[in-house]
Amino acid sequence: MAISSRSVGMTEIHCNFPQNPFRRISRRISQFRAGFPDKKPAAGACEEQDELTSGSAARIQRRDKQLPEIIGSDRELMSKLTTLGRPYRHFPFMGNRHVETIFASFFRSWPVIKSRRECLRMEDGGTVELDWPLEGEDAELWNGELPVNSPVLILLPGLTGGSDDSYVKHMLLRARKHGWHSVVFNSRGCADSPVTTPQFYSASFTKDLCQVVKHVAVRFSESNIYAVGWSLGANILVRYLGEVAGNCPLSGAVSLCNPFNLVIADEDFHKGLGFNNVYDKALARGLRQIFPKHTRLFEGIEGEYNIPTVAKARSVRDFDGGLTRVSFGFQSVGDYYSNSSSSLSIKYVQTSLLCIQASNDPIAPSRGIPWEDIKENPNCLLVVTPNGGHLGWVAGDDAPFGAPWTDPLVMEYLEVLEKNQIEKPLRRTIDDVHTPRVDSVHTRETNNYKSPIENVN
């Protein structure tokens, strides 16, 4: 999770740095560390230890504390992912989870990308918007036309997020460099998407995603389709994968910083009065900024809606209690969280899925990860980094201002899946899904608007 500069009343910062001013410092520190030998391992320790479960899944715990922990049973796939062997060495002074989270939000660069926006009308009359990148600062990257059968990547941002978020833009650039089409799915009310029904979106509402996937599949009938979700977008994506199970039209997916168990995430979120309290208020502010534009839709509405509480929500729980849980028919906030967790869905996933988590994530705590269900599902691969915060991951060649450490791993995983799919026929089991209507299309400069909250749930 990260907070944009606007959400705390600071001047917006657009960090498109041509050079990395800290790289020399980092190199000096690395040289200093290299002068000292590694500590001897304890008696009986080995370079790599595999603990096999009855499901033949491996839990790889390495002596090097900077290497990620990996859980998965597809050894052939893991052998092809060279980036899995990279240690996670956070940028100097980024060892604290809050520092890494907030630094990434404020100081990660925002690539300039122009997009074509499609406004889609859903089956219930609701509206979502898709942003298709057209061009950017690197003209040569965007000038050439991609083959019609190039793979397509659907991106699902976090809570109140959209195509303006820096982590989304960096993934758009990386996908293009690899010759992939990509599109950002902006949920109802997010990134200036209009709200046309008295309903926003929730952690378990997958009908919009079903229709977006159908729309993309119809448009790119010769391409394999994949999806990447961050935080709340990851929870929605995994819920979708579990619901469609063996009838999933996606060829693969990636989940990053997924809260998984929303009850546990909510419990940890409200422990103490530290940074989590700051995050909660910032998130609530982002939701409040969306709501006033659409209050007329809730005038005179029946039910247990508490509009005054929603309009003044000081926490995400306030907003969910007054609006979200009522819109989607839950009895209470606790009922909503316990029945919307993607940890309930992971066992049903039959699509290749990579889950990347940070062990020190302040918003998606590691104790909420469904470790056993992931180990027992041969379609899932879990990577847990020792640090990273919430969608921070300020490490790797592009640190501190560039793309997060996870991006090369995400793209390599998708490329391996696509290579395996080339020989296989496309599966499109979406005939029973409503095809959304395109209401309008227009060009949009994505840098004109910044979400009040970035990198969050």
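Placed from the backbone N, Cα and C atoms, the Cβ positions cover glycine too.
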According to Swiss-Prot, which of these ranges is region 'Disordered': 39-59, 81-101, 123-143? 39-59
Matching range for Swiss-Prot feature annotation, region 'Disordered', among 418-437, 438-457: 438-457
Within 10 angstroms of the C-beta of HIS390 (active site, charge relay system), the count of other C-beta atoms across all shown chains comes to 30
Model confidence over the domain 'AB hydrolase-1' (151-391), as mean pLDDT, sits at 95
